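Copied over from Swiss-Prot, here are the features:
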type	residues	note
BINDING	51-58, 78-82, 96-99, 163-166, 197-199	GTP binding site
BINDING	Ser58, Thr80	Mg(2+) binding site
DOMAIN	43-216	domain 'EngB-type G'
Amino acid sequence: MQLPFPVAQDPDQHSLEKGRLLFAGDTEFVKGVVAMSGLPDPDRLEVCFAGRSNVGKSSLINALTGRKGLARASNTPGRTQEINFFTAGESHYLVDLPGYGYANAPVPVVEKWQRLLKQYLSGRQTLRRAFVLIDARHGVKKVDEEILSLLDSAAVTFQVVLTKADKVKEKEREKVLDQVRTALSKHPAAFPELVITSSEKGWGIPTLRSIITDLT
């Protein structure tokens, strides 16, 4: 039976406030990591963000934290090959994984990134959820399927976040939602709820904050 994968509902006032308070605290860049030996101590809960280059990952992290320049997008897709750690309040790490789907990156660079990603996803006990960002204009592409399968094999629960929802009309968005739901039905690690966001308009940002805050 195919799961319905409903869109996340607006949180209640209590959850909204919890989310607001978490992201109202200090949010700082901690470090960029290129090897497992460089990971910060696992003394906080972690959520990570994955997505194709140019899917709007940096914009989403900046919108969540209310810090415009916190996460910076590289001018060249796939240029940044680091796992970037940011604090959220006193209790969480936000982890920005390198963008994938970059056709021009050298093969050794891609292979090194893939090895590091597999090691991180499989070996980080404090990782509570991966948020996989999908462009609301395009849906799940083949390169997204690769990361979703990797999350399945690492047994890391992931939740799809649709980005740039303000760039597509509602009728077209519904078609994309159907395509995403069909794609996710094949992935056992998929959390059965979608989040629709627009960093530019602020859509879905309080909802995503609340989801992150409620993870334990």
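Quick reminder: no glycine exception, Cβ is built from N, Cα and C everywhere.
Shown on the structure are the features that Swiss-Prot records.
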residue: Gly51; record: GTP binding site; DSSP class: strand
residue: Lys57; record: GTP binding site; DSSP class: helix
residue: Glu82; record: GTP binding site; DSSP class: coil
residue: Pro98; record: GTP binding site; DSSP class: coil
residue: Lys164; record: GTP binding site; DSSP class: coil
residue: Thr197; record: GTP binding site; DSSP class: coil
Quiz item: What is the total of other Cβ atoms whose distance to the Cβ of Thr197 (GTP binding site) is within 10 Å?
Solution: 26
Quiz item: At the level of the C-alpha atoms, what whole-angstrom distance separates Pro98 (GTP binding site) and Ser58 (Mg(2+) binding site)?
Solution: 10
Quiz item: Hey, what's the Cβ neighbour count for Asn54 (GTP binding site) at 10 Å?
Solution: 17
Quiz item: Tell me which residues of the chain lie with their Cβ under 8 angstroms from that of Glu82 (GTP binding site), as long as they are six or more apart in sequence?
Solution: Gly32, Val33, Val34, Pro98
Exercise. Calculate the distance in Å between the alpha carbons (Cα) of Lys164 (GTP binding site) and Ser58 (Mg(2+) binding site), and round it to a whole number.
Key: 12
Quiz prompt | Average pLDDT across the domain 'EngB-type G' (43-216), rounded to a whole number | solution = 91
